[in-house]
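> Shown below is the structure under consideration.
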Amino acid sequence: MLVLLLLVLLLAVPPRRTAELQLGLREPIGAVSPAFLSLTLDASLARDPRFVALLRHPKLHTLASGLSPGFLRFGGTSTDFLIFNPNKDSTWEEKVLSEFQAKDVCEAWPSFAVVPKLLLTQWPLQEKLLLAEHSWKKHKNTTITRSTLDILHTFASSSGFRLVFGLNALLRRAGLQWDSSNAKQLLGYCAQRSYNISWELGNEPNSFRKKSGICIDGFQLGRDFVHLRQLLSQHPLYRHAELYGLDVGQPRKHTQHLLRSFMKSGGKAIDSVTWHHYYVNGRSATREDFLSPEVLDSFATAIHDVLGIVEATVPGKKVWLGETGSAYGGGAPQLSNTYVAGFMWLDKLGLAARRGIDVVMRQVSFGAGSYHLVDAGFKPLPDYWLSLLYKRLVGTRVLQASVEQADARRPRVYLHCTNPRHPKYREGDVTLFALNLSNVTQSLQLPKQLWSKSVDQYLLLPHGKDSILSREVQLNGRLLQMVDDETLPALHEMALAPGSTLGLPAFSYGFYVIRNAKAIACI
């Protein structure tokens, strides 16, 4: 009877694997920008300029501010169909917003408060229209006004971000030279308003033939960027403004050739090389894709291809992910906006920093599709909370980390110096973040020299009956949600006793701050 009872108890305990961590604390293997985790707004938001006014909602401002500092890229497919018209009247919503910005906040708020409520009720229909247009691959020109630029710049700067604005590259003269006349008008207005903006030209030129029937080679695109650099130098404000490009898509054979040709003719005109990456097609993606080591590892191959081209043409140029997410085509419904998407997002952040990518721009902070950080009602999704923890805990210096285990691809670990701006931590502390892609609990054993150190655990688990397909997440057992429209919750750690193993449940991820680690690389 006793033997039977012991057998039952053993079977009731979840299976567990133990892996030893190998951590390099003596010197960093690289460093990333303080704006490493940055955001995007898809330019399709301006298809109906009324909805740009949503950016003044206090809740969206609070959520964005939590992820600062960073860059906010306004770009995407619609970039190459935006026409600036400085003479077009603002929409009613934009006029109310301008009134709000010009007056005392308390005085103007009652009139402005009507705007977001009305727009939020209309947004779901607009989102469907945008997704339908994207799937039909039918694109038409959209006019943007001075008010649209005003709102974008105000949202970015007031939230702690630098706006990166994508100019239309499909405006062409005979002979396929870029027609910069509309860009001159836009630059002139922004300079007049003293808007501190960085710039791009075009979006995924490797797909221009599909989108518009026009094919432009990399050499010509390089000349276009040189021309844009000359235009910027005509404005004292933009003489040293940052210019990024070429914003190519996945580095397949044709795209690699396009990028290589561009770098030879225009690589010296840009400050950083930008490219885009998605793991899978949103229409056909499965839950298994989000948990597959093979799918996650494919990102490393793409990085290798892009870095190789850059080093062979303009050595030393920084490389950015100018747009990225889990699945292209607006994301994978019921997957890209759930807890399971965090495996792709956290692994991408870790691998990008380890392989030398300087900035990663997440598509999108808010907008149409399933891959956003904030839903249509401004409720933060699991990837938002994951991003918030990353911003709070992870510093810019990258350290080496690995696991000693037969299948080392399923527990995936990354190590950085802890964010020095965090009030609880000090120089020499390190932050480990880890993913468990297996269906059993993974125990991570720290190296012996760290057994005496205290560890703060920040374990993220799905909340509710939907398990890893949940749109809610809990931190150390507490549901994460905003306190009110202007207040993010406190992110409470769970202190682990010195010598504890780091227990990572099946299909989960989390952060571990090793206090008083005295890592030489972080001092």
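Just so you know, glycine gets a Cβ as well, placed from its N, Cα and C.
Quick paste from Swiss-Prot:
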type	residues	note
SIGNAL	1-18	signal peptide
BINDING	42-44, THR77, 137-141, 250-260, HIS276, ARG283, 328-330, 369-371	heparan sulfate group binding site
CARBOHYD	ASN141	N-linked glycosylation site
CARBOHYD	ASN196	N-linked glycosylation site
ACT_SITE	GLU204	active site, proton donor
REGION	268-397	region 'Required for heterodimerization with the heparanase 8 kDa subunit'
ACT_SITE	GLU323	active site, nucleophile
DISULFID	CYS417-CYS522	disulfide bond
CARBOHYD	ASN436	N-linked glycosylation site
CARBOHYD	ASN439	N-linked glycosylation site
> Report, in whole Å, the straight Cα-to-Cα distance of GLU323 (active site, nucleophile) from CYS522 (disulfide bond).
30
> What's the number of neighbouring CB atoms sitting within 10 A of the CB on the residue listed as 'active site, proton donor'?
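For the residue listed as 'active site, proton donor', the 10 Å Cβ neighbour count is 23.
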> For HIS276 (heparan sulfate group binding site), what is the secondary structure by DSSP, using just helix, strand and coil?
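Its secondary structure by DSSP: strand.
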> Would you kindly give the Cα-Cα distance separating ASN196 (N-linked glycosylation site) and HIS257 (heparan sulfate group binding site), rounded to the nearest Å?
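Answer for this pair: 33 Å between alpha carbons.
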> Using a 10 Å cut-off on CB atoms, tell me which of the binding-site residues HIS257, HIS276 is the least crowded.
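So among HIS257, HIS276, the binding-site residues given, the one with the fewest Cβ atoms within 10 Å is HIS257.
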> Compare the C-alpha of ASP42 (heparan sulfate group binding site) with the C-alpha of each of the recorded positions ASN196, GLU323, CYS417, ASN436, and give the closest one.
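Closest candidate to ASP42 (heparan sulfate group binding site), judged by Cα separation, is GLU323.
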> Could you list the residues of the same chain, at least six apart in sequence, whose Cβ is under 8 A from the Cβ of GLY330 (heparan sulfate group binding site)?
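Sequence-distant Cβ neighbours: LEU131, HIS134, GLY282, ALA368, GLY369, SER370, TYR371.
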> List the residues of the same chain that sit at least 6 positions away from the residue listed as 'active site, nucleophile' in sequence and have their Cβ under 8 Å from its Cβ, in sequence order, or write 'none'.
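The list for the residue listed as 'active site, nucleophile' reads THR40, ARG73, GLY75, GLY76, ASN203, ASP247, THR274, HIS276, MET361, GLN363, given in order along the sequence.
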> Can you see whether DSSP assigns HIS257 (heparan sulfate group binding site) to helix, strand or coil?
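HIS257 (heparan sulfate group binding site) sits in a helix per DSSP.
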